[in-house]
Amino acid sequence: MSGIDTLPPLREVIAAHGLSAKKSLGQNFLLDLNLTAKIARQAGDLTQADVLEIGPGPGGLTRGLLAQGARRVLAIEKDARCLPALEEISAAYPGRLTVINGDALDIDPLAHLTPPIRIVANLPYNVGTELLVRWLTPKEWPPFWDSLTLMFQREVAERIVAQPGSKAYGRLAILAQWRCEAHIAMSLPPGAFTPPPKVSSAVVHLTALPAPRFPADPQKLERVVARAFNQRRKMLRAALKGFAPDIEDKLIAAGIQPTDRAETVDLERFCALARLV
Ligand code: SAM
């Protein structure tokens, strides 16, 4: 017994199923079920929600989500070695856990989920940012999910919540904060994981806003921001040279000095510029 449920402790599960961690799959497991229940709580009341979890591994966070009362959990795991352990969790929570063996980058989870949908995951570091960018840039807004509660390397988490004027401020901050409320909900030291990664981690919670904070065409905003931050040390009149006719006039019309650098320009002014180019 392990505290939050009647299943065996995770160390026993890992030993029983031979789940030695694979670096290539970003496997840094959370084995403390009190901690995984705490992470699940950061996602709010899950009793009326379907949860999408990417990379359940041996199932520590999955058990946290189910113990917190998640209506249903759809878990996508690439490593087939984890399936028997996940099957045991499924049996302990009948009808509430569905596991798909595959690559989260290739699987469309929507067919298996009923709104409201929340995404909660201790993401594999190698695909974490790519998945986040996909979830933040759907064709339609609001997206299929209501909130994201995601573990990242601390440095990535800081880039998501960064404010203008800081080194971490860039494309990811703008992408995330344009249409979401984003904050760091928890910080975790390397020792919270088995095996411990080299760096600290943090859980970021993002809530989808019903509409963007400021109007802008998503593709134009994306392009102008990518270009502006591509050479973040340069003044914007140089970084955006040739991006659009009369770029200096457009910068001024958007309330931006041509001598400003991208990292000092807030979201509202980037949106104004995207409307002008
Ligand atoms: N959720 C577990 C926990 O908190 O202990 C494991 C987290 S571990 C950081 C990342 C998990 O994602 C691993 O189980 C790994 O096998 C899985 N994974 C890696 N790449 C994946 C992918 N492309 N699609 C789905 N799962 C993946």
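Each residue, glycine too, has its Cβ placed from N, Cα and C.
DSSP assigns ASN28 (S-adenosyl-L-methionine binding site) to coil, not to a helix or a strand. For ASN28 (S-adenosyl-L-methionine binding site), other Cβ atoms within 10 Å of its Cβ number 20. According to TrEMBL, the feature S-adenosyl-L-methionine binding site maps to ASN28, LEU30, GLY55, GLU77, ASP103, ASN122.
The domain 'Ribosomal RNA adenine methylase transferase N-terminal' annotation in TrEMBL covers 35-210.
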Cα-Cα distance, maximum over ASN28, LEU30, GLY55, GLU77, ASP103, ASN122, record's S-adenosyl-L-methionine binders, Å: 20
Listed in sequence order, residues with CB under 8 A of GLY55 (S-adenosyl-L-methionine binding site) and six or more positions away: LEU25, GLY26, ILE76, GLU77, LYS78, ALA104, ALA121, ASN122, LEU123, PRO124
Overall pLDDT for the domain 'Ribosomal RNA adenine methylase transferase N-terminal' (35-210), taken as the rounded mean: 97
